[in-house]
Amino acid sequence: MRCLFVTILILLSINTHVSPTAANLAVKRPPVQVPLPRAAYLSSAFYDESCPNLESIIHQKMSAWLKTDRTLAASIIRLHFHDCAVRGCDASVLLNHPGSERAAEASKTLRGFALIDEIKAEVERQCPKTVSCADILTAAARDATIMAGGPFWEVPFGRRDGRISLAREAASVPQGHENITQLLRTFEELGLTFVDMVVLSGSHTIGRCSCHSIKQRLYNFTGTGMADPSMNAIYVNWLKKRCRSDASYVNLDFWTPQKFDTTFYRNLEKKMGLLSTDQLLHSDMRTSGVASLMGSQPQLFDTQFAASMVKLGNANVLIGKEGEIRTKCTAVNSY
């Protein structure tokens, strides 16, 4: 029995003993460095000292322009999305030169450039060479949402402006005829989920679409020579009367086109989604649950829309010494 007890003590001593050398090596081992996401370098307080009036300038300019043209709210939100969908939120869509994103076929109906230029000019007057065009566009999209009746959120700042803008890359931005799988892939590349996709599509509660963009759905869906069967027949007839010209426009939300609300989602339940990509949100099993939930929970929609817009604005941003701070949003700096 005594021999057994001694044996157990020896085994315990062997199993728990750590040599001084091994212990020292464990202490000296460098900690694992986990890189921070780019969004971690952005902050709502980024310009508190360098340009304290920034948000006030943006708000005043946005308010003045929208009093004259309420449709600009949707245009600025769309402009922001087009920017972030190509190379991330780096204001590349604002560059105006031959072969730029702005010159692409996919960008023909984008609006709001003059408003952003005016905001930038005033910001440069008060805070020269300090605020990026990317930050201005992101904050303008937030203010556009608020002025249309949507939610508020804090915009984290600190983005830098890109120097590259290529027309061919603008073709990657969804145009309203993609399937859900293609849309999901686009949003995943931006670091966004299927929930973000459905919620951000809710911005179509305001805004318009050209009749040219929906012509195929009305007259020759998938080469059948007929209207898209997923559309409400009465709605199709109304659209045909409204769209006698390709240059005409129709509202994305039939019932409350100037109010930021959840009617957009309820329209989908009635087969009144103007774009096929919108209607698919309700018919595809991967997204239908979220679409129905957003339609029935306005407060949840507002909360989630704000969160998803922050995520969109953080997509693939340039930080630190990357890119530049443009003095004019239309061109890279020459110095």
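Positions of Cβ are set from backbone N, Cα and C atoms, glycine also.
TrEMBL annotations: computationally assigned, not manually curated.
Between Cys329 and the candidates Cys127, Cys133, Cys209, TrEMBL annotates a single disulfide bond, the one to Cys133. Taking Cβ-Cβ distances under 8 Å and a sequence gap of 6 or more within the same chain, the neighbours of Ser92 (Ca(2+) 1 binding site) are Asp83, Val86, Ser100, Glu101, Gly162, Ile164, Ser165.
Of all the binding-site residues listed here (Gly88, Asp90, Thr205, Asp253), Thr205 has the Cα closest to the Cα of Arg78 (site 'Transition state stabilizer'). Listed in chain order, the residues near the Ca(2+) 1 site other than Asp83, Val86, Gly88, Asp90, Ser92, Glu101 are His82, Cys84, Ala85, Arg87, Cys89, Ala91, Val93, Gly162, Ser165, each with its Cβ within 8 Å of the site Cβ centroid. Comparing Cα positions, Asp261 (Ca(2+) 2 binding site) lies closest to Pro174 out of the binding-site residues Gly88, Asp90, Pro174. The Ca(2+) 2 site is defined by Thr205, Asp253, Thr256, Asp261, and by the 8 Å test on Cβ atoms against their centroid, the other residues of the chain that qualify are Ile206, Trp255, Pro257, Gln258, Lys259, Phe260, Thr262, Thr263, Phe264.
Each residue contributes its Cα atom, and for Thr205 (Ca(2+) 2 binding site) and Pro174 (substrate binding site) these two points are 17 Å apart. Annotation for Asp90 (Ca(2+) 1 binding site): spatial neighbours Asp83, Ala134, Arg159, Arg160, Asp161, Gly162, Asn316, Val317, Leu318, Gly323, criterion Cβ-Cβ under 8 Å with sequence separation of six or more.
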